[in-house]
Amino acid sequence: MENVKQTIRAPRGTELQTKGWIQEAALRMLMNNLDPEVAEKPEELVVYGGIGRAARNWESYQAIVDSLKTLESDETLLVQSGKPVAIFKSHEDAPRVLLANSNLVPKWANWEHFRELEQKGLMMYGQMTAGSWIYIGTQGILQGTYETFGEAARQHFGGSLKGTLTLTAGLGGMGGAQPLAVTMNGGVVIAIDVDKRSIERRIEKRYCDMYTESLEEALAVATEYKEKKEPISIGLLGNAAEILPELVSRGITPDLVTDQTSAHDPLNGYVPAGYSLEEATKLRAEDPDRYVQLSKESMKKHVEAMLAMQEKGAIAFDYGNNIRQVAFDEGLEHAFDFPGFVPAFIRPLFCEGKGPFRWVALSGDPEDIYKTDEVILREFAHNEHLCNWIRMARQQVEFQGLPSRICWLGYGERAKFGRIINEMVASGELSAPIVIGRDHLDCGSVASPNRETEGMKDGSDAVADWPILNALINSVNGASWVSVHHGGGVGMGYSLHAGMVIVADGTEAAAKRIERVLTSDPGMGVVRHVDAGYDLAVQTAKEKGVNIPMMK
């Protein structure tokens, strides 16, 4: 695909480029995904996560933009792996856009077949929020990362990470949240990345405190701050598959160890040990098969080092990039001896229908987001943990692209919040409509046996009906755009997941759609976990009145 050097930035204000606010929202969010403040490699249409793209190629991108500008408010645009393929007459309450990205028949659901199709221009990798146009930069994963490290602190360190050292790697669009999430929980973190640009980007956006190319300096600073029980985040330039084994050989054991490199994609997401970034780029182009094999061997060493640290007392967990699976496939029989982050720390939240709920101010005015922050602080004042998050986010999170906010809200809370936001748009308190969406990593919208659905109580880890049902109910309930993707987070063959976005434009019709969608969407999370036999989900369903025919 041809790289194009152009700066894309979503329009701001209330002047429409399209025939309605829902079409306008889709257009602005597509463009926002490719804003240089937001996207990792906008010239390649790559938003985050290795090769997670917003559109298949530049011709398709322009065709999507043109289609959205002429789309009527009773029509629906269909997008197949980043390419607009049809516009059909529908109705005003139907989604304006339906997207299916990276989906392959199971027997062919592997990277090799995907790459054949990609090279022919027939498919793109949509990751989760890249191809579904609701990525908001690193903030999008920040609260989930904060919650994960917070729960680790509660389970293992008396409620705080003060006086602890976390070791991790991967400072891309997702992993870049880790340094700030650890320091928000009071801890010290060394975060490794092979790409200097990634570390510098996190420092620029205040997600990471300092940069070093010296392991000795990183360890000295980490030790100093750990002893002082003060937080600091250290971005260390290097390769985790080299640095972790070196630390093991020195007998240095962190308190926590995890990883968020893009190991889900051995070709485009991971750099083999012994190679500089430049050397790796050259090898990737000249001999991709050898590159993949070297990557997989390095991942095995990486996981071996994490297991060695676990044996010495570190709390180790997989952060959802499928690195354990690769190591296992390479012959490391005990690769799954440390858990994934969802069963270890997050699943109780899923049982309550909670997940990474986000909203974006189409006006471009940060004041609109600050006003919505006040809504959270007022309406959910009883939830001190949530309110603390909002206060910290206001102080420490720098917006990327259109102003946005994320917080984990549960069943009932999402619909309540959406209702209030729509009323604020209607009254003029907010200067333009608000886009409400979420990550595909949510309570009822993903099947991913090595991540979100790992170790389900009833063994239903691989059942993929749930994300499809989620997309179907959100579509019929009037979500503004709905997406079904394959391979996000953990790579080809390992996940199916669905996304939704709903626009609060202040109309009565929007109010009804919001009520329906923001009830059924988290409701699917409660239903999914009731079906798997989780008592907390059953309790939630009974308390909230979720109608589940065979619930006991």
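The backbone N, Cα and C atoms fix where each Cβ goes, glycine too.
Now, the feature entries from Swiss-Prot:
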- 49-50, Gln127, 173-175, Asp193, 239-240, 260-264, 270-271, Tyr319, Gly489: NAD(+) binding site (BINDING)
- Cys407: active site (ACT_SITE)
Residue pair Gln260 (NAD(+) binding site), the residue listed as 'active site' - Cα distance, angstrom, rounded: 21
Closest of Gly173, Asp193, Ala263, Val271 to the residue listed as 'active site', Cα positions, binding-site residues only: Gly173
Val271 (NAD(+) binding site) - helix vs strand vs coil (DSSP): coil
Fewest other Cβ within 10 angstroms of its own Cβ, chosen from the recorded positions Ala263, Cys407: Cys407
Spatial neighbours, same chain, of Asp193 (NAD(+) binding site) - Cβ under 8 Å, 6+ residues apart: Ala169, Gly170, Leu171, Gly172, Gly175, Ile199, Gly235, Leu236, Leu237, Gly238
